[in-house]
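Trainee: Mind looking over this structure? Questions follow.
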Amino acid sequence: MSARPEKKRVAILISGRGSNMVSLIEAARAPDYPAEIVLVLSNRPDAAGLVRAREAGIPARAIDHKAFPDRAAFDAALQAELDAAGIELIVLAGFMRILTDAFVEAWAGRMINIHPSLLPLFKGTHTHERALDAGMRLHGCTVHYVVPELDAGPIVAQAAVPVLPGDDADTLSARVIVQEHRLYPAALALVAGGDAVLEGGRVRFTARARDAGAAILSL
Ligand SMILES: Nc1nc2c(c(=O)[nH]1)N[C@@H](CN(C=O)c1ccc(C(=O)N[C@@H](CCC(=O)O)C(=O)O)cc1)CN2
Ligand SMILES: NCC(=O)N[C@@H]1O[C@H](COP(=O)([O-])[O-])[C@@H](O)[C@H]1O
């Protein structure tokens, strides 16, 4: 019987409450999950997710971006923590800082993000309000590899939700976040397990991932 491949050592980067982080931590408890969450970092010392990570037994530290003269210095401090922990994959989960090109390129193919829209629609912020303003009947969330251009990286997986009559940004975001908590653990498993690989600017899925219908999760 072949030995199970080593779990990828993952750092989750947050800025806020960390609900996606909690979903990932819980998913990674499965013995056959291909990743282990070994570190949580936040650019905001007041992030509630730091407390939730520590409660889950995960080392969690704040690196306050305001304490650095520029983005490059902040990113270098991130890199030092990631190196010290032997991190192999970075998972951005509500991490609200734009990373420098140098940092992103150093982690090419090893850093993913979840965005609360069906990219390439509604890059940037305030996605739910913008989807409502645009009269969308479908909305959702996207897990993508991170590239220097904001929210433009190759897509790993998406989940869609209906926009219902009477929805406002709060009701819509509440529907989307439920799908985020399903999508992100599934997408990280694909990436950590080598079933969704960034190659030549596109995501190549293995036969196993294709058979699992991994790229799209239904309503
Ligand atoms: N180079 C990249 N960096 C980041 C990416 C990316 O795709 N390329 N994804 C983001 C996550 N994100 C949306 O998914 C996002 C994060 C932050 C911002 C933003 O405008 N940040 C402001 C500060 C906002 C704040 O502190 O509240 C900024 O950095 O000046 C937009 C989109 C993570 N990084
Ligand atoms: N542009 C990035 C972005 O907007 N990310 C979004 O921030 C929220 C974080 O919630 P969480 O801290 O509860 O996971 C999530 O909805 C995530 O999609």
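Note that Cβ sites are derived from N, Cα and C of the backbone, with glycine treated the same way.
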Trainee: Please state which member of R54, R61, R71 TrEMBL lists alongside M96, R97, I98, L99, N113 for binding (6R)-10-formyltetrahydrofolate.
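Mentor: Candidate in the recorded (6R)-10-formyltetrahydrofolate site: R71.
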Trainee: Neighbour count first, Cβ atoms within 10 Å, every protein chain included; then name which of M96, I98, L99 tops the list of binding-site residues.
Mentor: L99
Trainee: Give the number of CB atoms, excluding that of N113 ((6R)-10-formyltetrahydrofolate binding site) itself, located within 10 Å of its CB.
Mentor: 24
Trainee: Near the N(1)-(5-phospho-beta-D-ribosyl)glycinamide site, what residues other than G18, S19, N20 in the same chain have a C-beta no further than 8 Å from the centroid of the listed C-beta atoms?
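Mentor: Other same-chain residues near the N(1)-(5-phospho-beta-D-ribosyl)glycinamide site: I14, G16, R17, M21, V22, S23, L24, G49, R52, A93, G94, H181.
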Trainee: So which of the recorded positions is most packed in, judged by how many other Cβ atoms lie within 10 Å of its Cβ, out of R71, R97, H115?
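Mentor: That would be H115, with the most Cβ atoms nearby.
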Trainee: If you run the three-state DSSP split on N113 ((6R)-10-formyltetrahydrofolate binding site), which class comes out?
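Mentor: The residue in question, N113 ((6R)-10-formyltetrahydrofolate binding site), is strand (DSSP, three-state).
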Trainee: Taking only the recorded positions G18, N20, H115, which one has a CA atom nearest to the CA atom of L99 ((6R)-10-formyltetrahydrofolate binding site)?
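Mentor: With Cα distances computed to L99 ((6R)-10-formyltetrahydrofolate binding site), the winner among G18, N20, H115 is H115.
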